[in-house]
C-alpha cells in the first residue's frame, strides 16, 4: 500500500505510532482479555488511564494545581453554550473577539444566554487580511469575560500574541491550537478544545479552568455542562467516551516522547514555512493573509485559476495527498498540518505543488 498523507482539518491525522499501539492493544488491552472500550469507566484500570492522561497533559502544558482539567463531551459547539452558562455570574455583558468563522459561531450561540459585544478584529490593508493585536482590542469595562479563538481553521488565520488584561477572564477556543506551541496557561481563566485536531479522535472535549471559576453555573445549565458537577464527579457524571479518552492519553505520551511542546512548536514552524515559501515565490498559488497572522496549523491558498481546482485535488490524491479541499465557505485549498503530520508529508505536498505549477502554470 502506498503511503497516504491526510491533510483533513478534523477529524484529523493521528500519529502512526499511536494508531499502531491502539491496534496492538485493541482486543486485549493491558492483558485483561478485552478491549479498553469494553471495561467500566469506573474500574481501577480505566481510572488509572484517566489519571495518567491528566498528569501527562499537565506536564506538557505546565498546568499548575490551581487549574482543573475536565474531560467532557459536546465538542467546541457545546462549549459555545457552556461558557456563558458557567461564567456569567451576575454579569449580562461579554466580549467576543470576532476573528473569523468559528469565533463568530461562538458569538451567535452566546446571544441565547448573554449580551455579547461583537469586537471585529479582522482588517485588510494593501490586499492582505490581518488581525488586530490584543492591545488594540476594544474591550468593555463591565464584561464577564473575553472570548477569543487564536486559530481560525477555515480562514487560515492566527493570533499569536497572548492576551493579558489583568483582572479580566480570558476564555480561549483552542480546538486547533492546543499543544501546537507553548502558551502561558496563567493568562487564561478557561481554555477549551475539541480533541479531533491536535489531541485525538472526536468525541471528547478538554477544558482547562481556573478552580476559582467553578461553581457559578446558571440554573438553566444542563448538569452535563455544569463545570462544578463535571469536576465533582471527576469528569464521570455520565459515561464518558472512554476510547477517545484513552487514545488522547496515548497522544500525550507520544508528544512527550517527541521532546515536548517546544520541539513540536519548532517542527510546526518548519512545516508551515515550507508551504508558505512556495506560495510566496509563486504567482500560481495565492494567499492573501499578512505573514504575522498566517496559521501554522491550516495553510489556505487559492490557485490563480479556479478552473484547475478539481484537477489539483485529483492529481494530489493520486500522489497520496488527501483532503486538501478548502472549506466551502472560502473555497480553494487547505492543508491542515497539525502535530501528527510528519515533516515528510509536508515535503511531499511541497514537491507536488512545485510539480503542478510547472505543469499547468
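Using the three backbone atoms N, Cα and C, a Cβ is placed for every residue, glycine included.
Among 55, 123, 196, the residue that Swiss-Prot places alongside 76, 77, 102, 153, 173, 238, 239 at the pyridoxal 5'-phosphate binding site is 196. The Cβ of residue 102 (pyridoxal 5'-phosphate binding site) has 76, 149, 152, 153, 154, 173, 175 as same-chain neighbours under 8 Å, each 6 or more residues away in sequence. The record assigns 76, 77, 102, 153, 173, 196, 238, 239 to the pyridoxal 5'-phosphate binding site, and the maximum Cα to Cα distance across that set is 30 Å. According to DSSP, residue 153 (pyridoxal 5'-phosphate binding site) is assigned to coil rather than to any helix or strand.
Neighbours of residue 42 (L-glutamate binding site) among the recorded positions 77, 196, 197, 239, defined as a Cα within 10 Å of its Cα, are 239. Taking the Cβ of residue 77 (pyridoxal 5'-phosphate binding site) as reference, residues of its chain lying under 8 Å away and at least six apart in sequence are, in sequence order, 105, 109.
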